[in-house]
Amino acid sequence: QASRLVELPYSSSDDDNDEGGMDLPVCPVPPKPSTFSQCVRYLAFLWNFLFLLLGLLALAVGVWGLLAKGSLREDGLAPLASDPMLLFVLAGLGATVISLAGCLGALRSSPCLLRFFVGAVVAFAGLEVLGGLLLVVARHRLRDALQDALLLCLLRYQEEPDLRFLVDEVQRSLQCCGLGSYRDWETNPYFNCSAPGVQACSVPASCCLDPWQNGTVTNTQCAFGVLRLGDMAASTVVHLGGCVAQLGTWLRSQAGGIMAGAAVLVLVEAAGVLMALKVLRDIVPTAAQ
């Protein structure tokens, strides 16, 4: 019996160990992000959070303007496309969506959101470059389009409070009146000499040489009846020159500031894209592993 015990075959556990004893794959531990990577990640979050707040502010201003003027009612949807407040809504909505994607992408380490953010910012920068090229190539056509836009503002001066504010600020700042001359206001149905109201044959108070009463209160009647006067008499009350020429002169004088602002905007966008790419480069190898 002892010999039989000696001759017994060895246990199958050895075979099991030989057959199943292959080394199991060991998942490597992701490397811990460096301090610099962590700083870039949080800086990217704060950067996008700031623009998220600015986008929400612009969106709130636009929606408030549309609600205050009743442009969102059914009877006010027709002129909604030409409402300047719609620009605030669209710009605020776009900035909010893009900045929110950047915030969540940096905070949640989401490659998908970060790629969307980078693509959206690059596309926006491409549109800026395209707009600048169009501004240089088609500047004569754009000047005609600007005149048409100013004519629309002139015609709807009494109907749109924000357009009225814009026109008054331009005329008061540039010391001009109308498009080509102060007599362009005859095309406005409220200032035309055939109008039944008290403003007939008048121009806005922002055209006056001295639009203030006692230096503090706007004298809304300073330009009443100016269109009935001759140019010599009107020159003692209002500015005779139009705003198109003055606006062109002002834009040429501000060309350096405009280019500096465009350069700052490009640097801001480039900084946001570089931070997002850094965070994305730190995330993707970890996710692949």
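Yeah, the Cβs are placed from backbone N, Cα and C, and that goes for glycine too.
According to TrEMBL, the region 'Disordered' annotation covers 1-23. For 45-67, 87-107, 113-137, 257-277, the entry in TrEMBL reads transmembrane segment. The disulfide bond annotation in TrEMBL covers Cys177-Cys193.
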If you tally other C-beta atoms within 10 angstroms for each of the disulfide-bonded residues Cys177, Cys193, the top scorer is Cys177
If one takes Cβ-Cβ under 8 Å and requires six or more residues beyond its ends, the residues near the transmembrane segment (257-277) are 40, 43-44, 47-48, 51, 102, 105-106, 114, 117-118, 121-122, 124-125, 128, 132, 251
With the cut-off at Cβ under 8 Å and a gap of six or more residues from its ends, the chain residues touching the transmembrane segment (45-67) are 80, 83, 85-96, 98-100, 102-103, 106-107, 117, 162, 271-272, 275
